[in-house]
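Q: Here's a structure for you.
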Amino acid sequence: MTPGPLRARRCLPGEAVNSAGSALSWKRWRRSAGFAWAGVTHAYRTQPNFRIETWAAALAALLALWLRAPLAPVALACALVLALELVNTALEAVVDLVSPERHPLAKVAKDAAAAAVLLASLGALLVGLSTLGPPLWAWLRGLPGVG
Ligand SMILES: Nc1ncnc2c1ncn2[C@@H]1O[C@H](COP(=O)(O)OP(=O)(O)OP(=O)(O)O)[C@@H](O)[C@H]1O
C-alpha cells in the first residue's frame, strides 16, 4: 500500500484535478474555510485572551482608519498575534490530549507557545504605538484647551 503522505487525495464530486494531481474546487475551499472558521469560533468561545486580542485588533484598525494612519502594519501585527493565539490554542489541545498528566516536556511546549504569543503581542504594541501614537497625539493637541 502507498504510504500515507504519498497516497493520492480523493476528489469531491464535481471538482477538477490539475496537472500536479491536486484537487481544485470551490466546494473543497469552502469546506476548508468552514473548518478554519470553526477553529476561530472555538478559540473565541473558550479563550479569553483571544477575545481580548480580537477586540483590541478591531479597535486598532478602526483607530488607524479614523486617524488616516497606515493600516497595513497595524493589520499585519494584529493578524500575527491572533494567528499565534490560534496556534497556541491548537498546541494546548494537542498537549492536553497526549499528556493529560503533568510532564516537563508538556510544560516546555505550552510555555514556549505562550511565549510566542507574548512576544508577538509586545511587537504589536510597539507597532501600534509608533503608527497610531503620533497622529493620535496630533489630534489630541488640536482639541480646544489642549496643547
Ligand atoms: N500537562 C502539563 N504538564 C506540565 N505542565 C503543564 C501541563 N499543562 C499545563 N502546564 C503548565 O501550567 C501552565 C498553565 O497551563 P494551562 O493549560 O492552564 O494553560 P494556560 O497557559 O493557562 O493557557 P489558557 O489559559 O489559555 O488555557 C502552562 O503554561 C504550563 O506551564
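Using N, Cα and C of the backbone, Cβ positions are placed for all residues, glycine too.
TrEMBL: automatically predicted annotations, no manual curation.
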Q: Would you please say which range out of 68-89, 112-133 has the annotation transmembrane segment in TrEMBL?
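A: My reading of TrEMBL: the transmembrane segment range is 112-133.
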Q: What's the CA-CA gap between Arg28 (substrate binding site) and Glu92 (ATP binding site) in angstrom, rounded?
A: 28
Q: Does any of Arg28, Glu85, His103 have a Cβ within less than 6 Å of an atom of ligand 1? These are the recorded positions; tell me which, or none.
A: His103
Q: Which entry in the list of recorded positions, Glu85, Glu92, Glu101, Asp111, has its Cβ near the fewest other Cβ atoms, using 10 Å as the limit?
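A: Counting other Cβ atoms within 10 Å of each of the recorded positions Glu85, Glu92, Glu101, Asp111, the minimum falls on Glu101.
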Q: Between Arg102 (ATP binding site) and Glu85 (active site, proton acceptor), what is the CA-CA distance rounded to a whole number of Å?
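A: On Cα coordinates alone, these residues lie 22 Å apart.
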